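Novice: Sharing the features that TrEMBL gives for it:
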type     : residues  : note
COMPBIAS : B:1-16    : compositional bias 'Gly residues'
COMPBIAS : B:180-190 : compositional bias 'Low complexity'
COMPBIAS : B:201-210 : compositional bias 'Acidic residues'
DOMAIN   : B:29-144  : domain 'Response regulatory'
DOMAIN   : B:216-273 : domain 'HTH myb-type'
MOD_RES  : B:D80     : 4-aspartylphosphate
REGION   : B:1-20    : region 'Disordered'
REGION   : B:156-215 : region 'Disordered'
Amino acid sequence: MQRQVALIKQSLFDQGYLDEQFMELEELQDDANPNFVEEVATLYFKDSARLINNIDQALERGSFDFNRLDSYMHQFKGSSTSIGASKVKTECTMFREYCRAGNAEGCLRTFKQLKKEHATLRKKLEQYFQASKR
Amino acid sequence: MLNPGQGRGPDSGVVGGSSNSDPFPAGLRVLVVDDDPTCLMILERMLRTCLYRVTKCNRAEIALSLLRKNKNGFDIVISDVHMPDMDGFKLLEHVGLEMDLPVIMMSADDSKSVVLKGVTHGAVDYLIKPVRIEALKNIWQHVVRKKRYNEWNVSEHSGSVEESGGGGGERQQQRDDGDNNSSSANNEGSLRGSRKRKEEEVDEQGDDREDTSSLKKPRVVWSVELHQQFVAAVNQLGVDKAVPKKILEMMNVPGLTRENVASHLQKYRIYLRRLGGVSQHQGNMNHSFMTGQDPSFGPLSSLNGFDLQALAAAGQLPAQSLAQLQAAGLGRPPSLTKPGMVVSPLVDQRSIFSFENPKIRHGQMMNNGGNKQINLLHGVPTGMEPRQFAGGGGHMRVQQQQQQIANVRVGGQNVQSSGMMMPVGGGTAMLPSSLGQQQQVMLSSNVPRRSDLTEISSRVLPATTHSVFNNFPSELPRNSFPLASAPGISVSYQEEVNSSDAKAATVTSNAAFGNQSYNIYNDYPQQNNNRLNDWDLQNIGMVFNSHQDTTAAAAFSSSEAYSSSSTQRKRREVELPVVAGNVHNHQQQQQQQQQQIPSRSLSHMNQIYMNGGGSVRVKSERVAETVTCPPATTVFQEQYNEEDLMSALLKQEGVPLVDNEFDFDGYSIDNIPV
């Protein structure tokens, strides 16, 4: 199992889903806080789901308040960065660029991609944590 | 950095080395504020790993109330920049002013402008997310540094804080900046470096060696009342001659130590200096500007003399004031320690002004014919000592001011800003009561930084003018200010500034703005000092409002610590919503580059100023007041004591603002050097 865990983790890094920040988090985990990383990840996905929802609604409204969208995305990027969600972070950055350029279509496109990456990461991390527990 | 996968236990990686038997920095009480729960959790964990005592908070308001409730309950605050309920910079200002705690800002945003904003607002450090634990390990250095800075300045320069204190403070600040940079940028090295620095500091300053235990010294909170007592004492003694010992005796507050007073005095002086520096700066700028641009401006000194004399003749300006103003207007530049420094920022500003001036003159400006107003304005800033108002005294300490200005200027823009910032950033709760909110507002916008205030130039300016106005006796006629045009102009400037600000660093915008206000005066001489004051106030207020975050003005207003009088406080509270509204409007306008109601809202603000008369100090107050109710004049009038001029002006106001006349959106102030 350990090996499998290591493999999963390695692939997450290799494929760019996670970056060094995730490792930082792992280092914070110790005997006193054995599930720290999982707790953080859980919290992240919960909170980011809320943010994604907000953005979705804002985009659906069609008004494209870029400032507000940018602000939402800033938050999202902050937390994604903090847990080392590398691909998600990249999409966030792109989304914000589109916001700044006032490119509504770009925003929509990027956001779709972002959600995809987010969902993928979630699944993979779940796998990872599952494997770690065994 | 990849550690071999083991968790960080309590002993690993912590700054254990710095203290042997002394557990410090373990137990450092950190308050971390971030609306992002993920980040908050991670930070908490990291800080706990560093053996700090962590309190986390996801709302700035809650954080503030926590801090207020436990005055000495925390050593350092870490706050995110973007938070929904309150802007991180505003929180930063509050904390700096009210609690004088070091604040570290952090954000995923690493753009230079935001980092700069952190610096200018007085943050001791700026961390870019994702925050790494190494960066957190060193945060204790900021606590130590701050203590040392306060102690050092207090003990070494109890009597004459101005030069040495200011200089020392600045040096220290610069060093702090260096430390900050290194700690953020170079985690590993900085830990060693900071330790070394700490040791060096210890060696260098043999006096009050700061034991880590000294860090736990109870912090004196300079409440409004206390500060007022302090200012009164200082005024009585004379700013130049005020020494902590005497001030302490005069204040007669049990439990207050000479050191407390000394450090507060230090900050106060720096604050005044900044104010003075701004006015000085403006004076110089105007001068050069005028000669270059508009013959009608004339030399500053001559203007000052003219105005002063006129004022004096009118019986409005007390002889003493006149003399002071004249002195200020005429001779001060040479007294500046580093005139060269002052000049440089002016250059750019000047260019801005020239840019602006043509617009202003455009016909909007007040019709009154006097050069007096303009001159007066020039003279006033230099001569006025904002502090004067606080004490309600009419005497102006031109020299003092100038000196202060000079000192402030010396440091270059930094100095200037530091002057302004001091009160805010340095946690000096010293805002002179007279300065009121205006300064506060300014502070908030500027977020005085103890160490480095590049932005200040523009901000400071408004303040100085503001204070200057305060000095004017209430007898000044309050009527007939060609406010109509003035407000418009002010407004336009602000708008312009704001837009440019949005584009460029706030500093430049502010600078431009400040300059603009002066120009306005030049262009359109006001009938009396009051008018100038008015404009000044307007400009100042506008500047602040526009520049600062929406909440900034409101925040400042709300902080009662700095209100000199209860009325002012009340006004402030009332104004807050208004101010916020205005500011908001203004800002929005800027962003959208639409002047939907810019002039109107601005004019409201302007008018408020005018009418507000009461407390010059509270710029935000004024603004708010105007917006809410033009008839606020009555309210303000009572506050007269200090801002006589302002009150008069404000009362006079009531002139509808000129709308849309000054649309400076097109102007770019980007070239203003920071």
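Using N, Cα and C of the backbone, Cβ positions are placed for all residues, glycine too.
Where the annotation comes from TrEMBL, it is an automatic prediction and has not been curated.
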Novice: Looking only at the domain 'HTH myb-type' (B:216-273), report the model's average pLDDT.
Specialist: 80
Novice: What is the three-state DSSP composition of the domain 'HTH myb-type' (B:216-273), stated as helix, strand and coil residue counts?
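Specialist: Each residue of the domain 'HTH myb-type' (B:216-273) counted once, the result is 39 helix, 0 strand, 19 coil.
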Novice: Which number gives the other C-beta atoms within 10 angstroms of the C-beta of the residue listed as '4-aspartylphosphate', all protein chains shown included?
Specialist: 26
Novice: Under the DSSP assignment, what numbers of helix, strand and coil residues are found in the domain 'Response regulatory' (B:29-144)?
Specialist: 54 helix, 24 strand, 38 coil
